[in-house]
Amino acid sequence: FAHTADWQLSLILMSSRFLLLLTRCFHSSTFTAWCNSHLRKAGTQIENIEEDFRDGLKLMLLLEVISGERLAKPERGKMRVHKISNVNKALDFIASKGVKLVSIGAEEIVDGNAKMTLGMIWTIILRFAIQDISVEETSAKEGLLLWCQRKTAPYKNVNIQNFHISWKDGLGFCALIHRHRPELIDYAKLRKDDPMTNLNTAFDVAEKYLDIPKMLDAEDIISTLRPDEKAVMTYASCYYHAFSGKQKAETAANRICKVLAVNQENEQLMEDYEKLASDLLEWIRRTIPWLENRMPENTMQAMQQKLEDFRDYRRLHKPPKVQEKCQLEINFNTLQTKLRLSNRPAFMPSEGKMVSDINNAWGNLEGAEKGYEEWLLNEIRRLERLDHLAEKFRQKAAIHEAWTEGKEDMLQKRDYETASLSDIKALLKKHEAFESDLAAHQDRVEQIAAIAQELNELDYYDSPSVNARCQRICDQWDALGALTQKRSEALQRTEKLLETIDQLYLEFAKRAAPFNNWMEGAMEDLQDTFIVHTIEEIQGLSTAHEQFKATLPEADKERLAILGIHNEIAKIVQTYHVNMAGTNPYTTINPQEINTKWDKVRQLVPQRDQALIEEHARQQNNERLRRQFANQANVIGPWIQNKMEEIGRISIEMHGTLEDQLTHLRQYEKSIVNYKPKIDQLEGDHQLIQEALIFDNKHTNYTMEHIRVGWEQLLTTIARTINEIENQILTRDAKGISQEQLNEFRASFNHFDRDHSGTLGAEEFKACLISLGFDIANNAQGESEFSRIMSVVDPNRMGIVTFQAFIDFMSRETADTDTADQVMASFKVLAGDKNYILADELHRELPPDQAEYCIARMAPYTGPDAVPGALDYMSFSTALYGESDL
């Protein structure tokens with residue numbers, strides 16, 4: 001067992017030595033070929049890399065060839081000291097190029113140390129063949145790898161991720177050749193499962209046509225589990241330098257791609273803005289007519305349904321539109337900032353779709369919304385009042401009609417013509433009692449007419465039927481008056497013939513009639529519905545009811561007295577055996593009716609008590625709802641106002657970097673959003689108040705409308721402030737403005753912003769520019785220059801300058817951006833210095849979508865050197881920056 005373990009350890013050591021030897025062989029052959037590819041330019045070469053550099057002569061020659069510089073004169077002696085001197089000169093030159101040589105000394109090179117010699121050559125390769133490679137802000141190894149990945153990306157079965165196993169199948173080398181020289185290799189015939197053919201094809205073609213020596217061996221690469229990274233990187237760098245001429249075209253294409261990408265992104269933002277603005281304006285256009293519709297409903301249920309629809313609009317439909325409006329303004333500001341940063345002209349939306357147009361439309365919407373809500377509440381109050389009046393009218397009309405039933409027939413009787421003297425006396429007294437009753441009913445008729453008149457004034461939907469019924473009652477009342485007068489005159493004419501009269505019946509009739517009318521009025525009042533809105537009103541009704549109950553003992557005495565009269569009549573009839581035919585001739589009221597109505601009054605009193613108690617409880621609950629809403633509103637209202645003021649202070653103060661301010665504002669925004677449940681809770685309390693039909697609240701000056709508008713303004717203000725800071729960051733990063741410059745700009749802006757409005761007037765702006773060192777003379781030329789500057793910072797001629805416009809102006813004064821001339825020069829590189837460019841050249845150098853974008857927008861070239869299909873890239877470049885029409 002011990003022998004077996006020793007054997008395994010020996011095998012492991014032998015394997016490690018074999019791998020090290022194999023790697024060194026890779027390095028030696030590859031580095032030798034690389035050195036000879038440069039030395040043959042000087043008419044020489046090396047055979048053994050470990051031996052041929054020992055005297056330092058060919059090493060110095062190699063450095064002169066690859067650097068293009070002259071080294072110090074070499075020592076021609078054969079002694080060791082001469083060789084060390086030559087090698088030291090070479091190493092000093094390498095060190096002068098910024099390369100640190102760790103543990104590599106001249107003595108090791110002179111002594112033929114293979115490891116040190118190969119390390120030195122690899123250092124030279126890194127410095128002069130790989131370090132200067134730069135692709136899209138990456139350099140050296142990463143830049144070379146990115147270049148290989150970009151060039152081989154369109155090829156099937158090629159996936160370059162490193163400088164070892166990614167190259168084993170040989171397709172990577174073939175793809176690099178085919179990308180730049182497609183005529184040298186038929187790439188379609190290559191197979192991934194035949195790496196030997198692929199590698200040898202690439203090595204042979206590179207050596208024959210590209211002057212790249214064969215530095216690698218196909219069999220070694222295939223047989224090695226992981227090819228040597230340094231060898232592959234050295235060989236790949238030769239491809240990069242062989243095709244470096246193509247790099248300029250690629251750089252030019254990248255510049256054009258960048259410019260076109262900005263233009264495409266801006267166009268997409270413009271289209272998005274136009275669509276979002278159109279959708280929002282269309283929604284406002286459809287919503288305003290609905291809010292302006294003032295067609296009233298005839299029933300309370302229909303109006304309450306309208307109120308519920310309006311609540312759904314406020315809770316469900318409007319909030320998303322508020323967000324869309326805010327997002328629209330943010331998108332517009334961001335787009336304008338990006339256009340300014342990319343040196344493009346400002347975006348002018350279609351007619352009627354400016355932010356100001358949308359704000360005006362939104363203001364019209366909110367005006368219609370406020371008027372609609374007030375109209376709804378007024379209509380509900382009106383319908384509630386109408387329902388109450390209509391019911392009261394029906395009750396009084398029914399009582400009156402019941403009382404008048406048969407009265408005309410009674411008054412038209414001519415019974416007095418055949419009656420006896422006692423009967424005539426009785427008819428006369430009866431008529432006097434009727435007149436008393438008629439006079440008592442005069443108030444009820446007047447009340448019926450007054451209620452009908454009020455219903456007409458309030459535009460009651462069933463006014464025609466009310467008017468017709470009221471007219472019938474009035475006509476009948478006039479007829480009763482006339483008939484009463486006529487019968488009275490007839491009875492008075494016969495009064496002289498009548499001598500006897502039943503005083504007791506008459507007294508009973510005279511006292512029973514008003515008492516009966518009082519009881520009917522009491523029953524009517526006790527059954528009358530009432531509408532109150534405050535505790536004080538219900539307390540007033542309760543007080544009146546208590547006063548009414550206090551009169552009941554006296555009324556009971558009157559009832560007993562009236563019944564006593566009737567009992568006296570009965571006693572006389574019984575005592576004197578009077579033959580009485582029929583009932584009391586002076587009145588239809590009888591003791592049973594009086595007792596029945598009295599019992600009804602006593603029964604209605606506790607019912608009225610209960611109704612008043614219930615209404616008092618309801619008003620107490622309403623008062624609780626008022627206080628509950630007021631307690632929250634009186635906290636939320638000032639909170640919103642304080643937050644608005646704090647945001648205003650944050651937007652003009654300078655505390656920390658823009659990123660710190662943005663972080664602070666986002667935390668601030670999060671705290672504001674977290675406050676939303678309190679708003680929702682207040683909305684719930686407000687809904688309870690509306691459902692309880694509470695129309696006023698003396699405990700607070702805040703309405704739900706105030707809170708909603710304040711909340712929406714708070715959310716919009718914090719979003720706008722964050723967007724302004726983000727745009728300032730975009731401006732700072734794009735223009736290279738330092739934080740100190742931004743602080744200086746902000747300090748100057750705040751100093752001249754006397755009213756802390758966040759904007760500067762024209763004179764304030766001029767003073768600010770002068771404080772920053774601008775030379776604006778106090779003459780016609782200075783005024784002309786200042787007018788030009790104002791047209792830049794205030795294109796809409798509003799007479800004010802925002803801080804963002806101020807920053808944009810200062811950034812343009814202190815930074816540089818891409819220009820039309822730069823883009824034109826890039827196109828000229830792609831076109832091979834021609835005054836025009838062809839579609840095939842655009843397709844070859846640009847991504848497909850951006851190539852098509854250029855072809856679709858470039859005008860045909862018409863110069864004297866034009867060829868079929870020539871495109872004018874000069875006018876296209878000018879149009880990108882708004883200097884002509886695209």
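The count begins at 1 with the first shown residue.
Just so it is clear, glycine is given a Cβ too, placed from its N, Cα and C backbone atoms.
Per TrEMBL, coiled coil is recorded for 259-286, 424-458. Annotation source TrEMBL lists domain 'Calponin-homology (CH)' at 25-129, 138-244. Marked as domain 'EF-hand' by TrEMBL: 740-775, 781-816. TrEMBL lists 1-25 with the feature signal peptide.
Between the domain 'Calponin-homology (CH)' (138-244) and the domain 'Calponin-homology (CH)' (25-129) there are 3 or more Cβ pairs closer than 8 Å, counting only residues 6 or more apart in sequence, so the two stretches are in contact.
Outside the coiled coil (424-458), and at least 6 residues removed from its termini, the chain residues within Cβ reach (under 8 Å) are 382, 385-386, 389-390, 392-393, 396-397, 399-400, 403, 410-411, 415-416, 466-467, 469-470, 473-474, 477, 480-481, 484, 487-488, 491-492, 494-495, 497-502, 505-506, 509-510, 513-514, 517, 585-587. Mean pLDDT of the predicted structure over the coiled coil (424-458): 85. The residues of the domain 'EF-hand' (781-816), classed with DSSP into helix (H, G, I), strand (E, B) and coil, number 25 helix, 3 strand, 8 coil. Taken residue by residue, the domain 'Calponin-homology (CH)' (25-129) breaks down under DSSP into 67 helix, 0 strand, 38 coil.
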